[in-house]
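*Asks:* Not my notes, these are from TrEMBL:
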DOMAIN    B:103-294  domain 'ABC transmembrane type-1'
TRANSMEM  B:33-54  transmembrane segment
TRANSMEM  B:107-128  transmembrane segment
TRANSMEM  B:135-154  transmembrane segment
TRANSMEM  B:174-194  transmembrane segment
TRANSMEM  B:215-237  transmembrane segment
TRANSMEM  B:243-264  transmembrane segment
TRANSMEM  B:276-299  transmembrane segment
Amino acid sequence: MRSTRMSVIAGAAILGLALAGCSTSSAGPSEDDPNQVEVFTWWAAGSEKVGLDALVAVFAEQYPDIAFSNAAVAGGAGSNAKAALASRLEADNPPDTFQAHAGAELNDYIEAGQLQDLSSFYDENGLYEAFPDTLIEQLTSDGAIYSVPSNIHRANVTWVNVDVLEGAGIDPTVAPESMDAWIDDLTTLQESGVTAPLALGTEWTQMQLFENVLIADLGAEGYTGLWDGTTDWDSAEVQTAIGHYGELLDFANTDYAGLDWDAATQILLDGNAGYNVMGDWAEAAFVQAGQTYGTEYTTWATPGTDGIFDFLADSFTLAVGAPHETAAIDWLTTISSAEGQKAFNIAKGSIPARMDAVATDYPEYQQTAMASFQEDTIVSSLAHGSAASVSWSADLSSAIGKFGADRNADELLTALVAAAAAQE
Amino acid sequence: MTVTEKTRPAPAPAPLPLSPALRPRRGFSLGRTLKYTILIVFVFIVMIPVYVLIVTSLKPPADVNPATSWGLPVRWPWQSETPGGATGFDNWSAAYTALAPSIGRTFMLAIPAALISALLGSMNGFVLSRWRFPHANLVFTFILFGMFIPYQAVMTPLVQMKSTLGLPSDISTLLLVHVIYGLPICTLIFRNYYVSIPMELMEASRVDGAGMMRTYWSIVLPLSLPGFVVTIIWQFTNAWNDFLFAMFLSDTAGGPVSLALNNLAQGAQLANYGTAMAGALIASLPTLLVYIILGKYFIGGLMSGSVKS
Amino acid sequence: MRKGVRNWGPPLLLLSPTIIILGIFVYGLIAANVRVSLTNRTSLVPATEFVGLDNYIALLAEDRFLHSLANLAVFTVVFIAGTMLFGFLWAWMLDKGVSAEGIFRSVYLFPMAVSFVASGVVWRWLLNSAEGDRASGLNRILETFGLGFLQNSWWNEPTWGMAAIALPAIWQLSGYVMALFLAGFRGIPDELREAARMDGASEWKLYRFVIFPQLSPIALSALIIVSHMSLKVFDLIMSVTGSIYVTEVPATYMWVTLTSNDYAKSATIATVLLVLASVFIIPYLIQTARSEKANR
């Protein structure tokens, strides 16, 4: 019996050691130091990391006393970060500020009372004047505003391989007027021997293509109405859009479900497709491949969406219960400042949200995007979290992915209507 | 600690003892040729993904194209004419810089996690396999069921527990979690192992009146090396490669290599695949070494256990 | 009386730390999970009421969930069959005696060392479904070796495509199963084989009556390890295809609902998965209990 007791004590001791090891090695030394800010992002590599580093350098200049700590969780276009973040919010252990797509993706946090209203911050920093009115409109939720955009991307861009189009006798410099005209060109291209003239990738890129078609067929107002309930999901226009989208899939590479966006863009780069609908971050892939804008590739707003800017933005929030609130506000000030926006966006290849940015500071593509951003009607991107809440987007994504596999238009329509109804 | 000490008296398992009957026979035979052919074909098949990892890690970003993933680099890293100046070596140095700080921490996690889980698993396995007590199978089921829990489902309450207890966002919390969730599978492996080794020795010691714990320390533990090898391999690999727990319970500043690798591989919209794959190879090296070193004892050790009978 | 204590006490005392810890971290958390699944917590906002089994009824009637179950079934069958087949085949060939066995063994075993965080990208490329001119990945290699007729759309095939997703999983775990079987083969005393041969048993009978019964505990152990990974398959799918409809299984569906803050649904899926686990555990336990009884 004695040895038995010993054994139990030994077993307990081992566990105790493990537990003690955990509790004694305390966390960072300066948990309560007010001069630090914990920023939660999914920018961890590539041009995003370069941009973030540039932003942090500006922050260090403006607020030399505040230590910046980055709790980056990358992967799954921010879905890993979202999951980890939700669990921390749930445990009442929020980071000071976290990255989120601007727009409806924030609704869940807002409803749960996890974000602070930043309207007065906007007032104090003159941001209502600095940002375009239509952007402010998209960011505002029940009269309040909950995030500060750091950068803007455009999602309704069609990338064009000049050689491929010219080979089929199509003028690459002029965008087709409408979806129907574009489908005619795609047909011409296919008949000329390009078997899959439209390069397409995995589920979210399909969702982005679908949202482009919706904008083209419903117009800015009709498309925006889908998200606030003023446009019916079973309207004739949506059905037309589903029809167009189905036709477009017929022109796409058959392996689309398995391709990342960059692999889809690569098909265009390799001259195996004529078109690719992708956000303007694709510019980096063309630059990396050594191609020149205007001679080897060109871009237009997706046919039928001219004059509309389908926007998405990364933004930062102020969490309720942020342990270092003043420091977090300083971070937001840096992000929204002209200097901060410039440092970040030049590195990342996106455009600033501020209208007072000097266009000539930026490369050529970004200059054209900046001009459109100020003139065009701004609508919110579905595929990138601006238009619909996370759960709505997830339902739509699944419906579109299913359509990509079975091409059942009736079921897609039913699913779209059901997804909208589930949000009520 | 105790593990290594206590196992030392065990008969050092010869690396691959083959009984004379099984020793490969010399001379040509159709069967043997066929066997080697099949085995070698499988070697090539298994190595396919590694080949792609290696060649991609040597390509500069501009040359990485899924459509040519089979091709050797057009521009080898030592050829200087790559435009833009980036070479395959840059992939490796960038990956090393990104991963190096976390590799040491991951050893501090994976080694103790493997040893503690194995020791606890072996005690549990011993009791469950050798002690007939009422409802033993129920207790075994209770433990075993823990294997099947989908971890994503318990992350939210787990993070809550972590913050209530004030546990830090680093390796020590992960160690605790890996030991806990490793218990079911380690218990299973040891239980099945102990069932398969001969009972005579133990029965004798029970007749001697030796206590359960004495039996365990002096008789069972020395025979347990193969079981330890299996569970240590399993737990070490799991702790080393785990991403889910690491993501929820630690942060990049104090977390393991899987987090750093994930940030490297997935942190940018335009992924640098060359760097990601160099990183994947670097991050896999320690586990690979564990397999090469312990793999030898894995089977050899188990056989020595049965030879003793 | 004293005897009773001797039988009960020591084993339970020794097991009690494990039982208590698992009671908290497994069963406590399962209970918390089940509790959430019975509420209307479909967003970050705390639950307002219990809804009974409504979430379960809704989930089991949902086409999307049934689709994910069907995917899981195909995946599981192919994954288990593949790892057991290759694991056994390799072990069997190596057991016959092979020079450089260590090299073969290390090569077969090593995929376990590689996490899917980055090798997932490689598999995505290998399983690319383009054929003919644009063929890359495995299709390209099949074409190069004159096996072009074997080209296929891999996991893009709607019904059986999940079988292709099992390839990386088979690649990763066959070596482990091989190691278990190899250990099993080596654990069979030579005397047993010799005795059977003396009795004039044919090779088949030797396997049927001597070797297979000896291997069955190992096979069961391998089976349960592989099946628990199969039910929970997550990393693999997330890194090879992402969480998309076509390759959705309950674990990735659960992830989608979790990231869209639908906690009740996520908890419901998790509970259904746990119930599914018992489909594997119960036959396993019955089998072990029976075989051990037979051995004693």
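A Cβ is built for glycine as well, from the same backbone N, Cα and C atoms used for every other residue.
Here the structure is a predicted model, which means the values were calculated and not measured.
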*Asks:* Look at every Cβ pair spanning the transmembrane segment (B:276-299) and the transmembrane segment (B:33-54), keep those 6 or more apart in sequence, and say whether at least 3 of them are under 8 Å.
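*Replies:* Contact between the transmembrane segment (B:33-54) and the transmembrane segment (B:276-299): present, because at least 3 Cβ pairs are under 8 Å.
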*Asks:* For the transmembrane segment (B:215-237), name the stretch out of B:33-54, B:107-128, B:135-154, B:174-194 with the most CB-CB pairs under 8 Å.
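*Replies:* When the Cβ pairs under 8 Å are tallied, B:107-128 comes out ahead.
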*Asks:* Most CB pairs under 8 Å with the transmembrane segment (B:174-194): which of B:33-54, B:107-128, B:135-154, B:243-264?
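*Replies:* Between the stretches B:33-54, B:107-128, B:135-154, B:243-264, B:107-128 has the largest tally.
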*Asks:* Cβ under 8 Å to the transmembrane segment (B:107-128), counting only same-chain residues 6 or more beyond its ends: which ones?
*Replies:* 2-3, 136, 139-140, 143, 171, 174-175, 178-179, 182-183, 185-194, 212, 216, 220-221, 224, 227-228, 231-232, 235-236, 239-240, 256, 286
*Asks:* Using a Cβ cut-off of under 8 Å, list the residues of the same chain at least 6 residues beyond the transmembrane segment (B:33-54) that approach it.
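*Replies:* Same-chain residues near the transmembrane segment (B:33-54) but 6 or more away: 69-70, 277, 280-281.
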*Asks:* Taking residues 6+ outside the transmembrane segment (B:135-154), which of them lie with a CB under 8 Å of any CB in it?
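*Replies:* Same-chain contacts beyond the flanks: 124, 128, 181, 183-185, 187-188, 191, 244-245.
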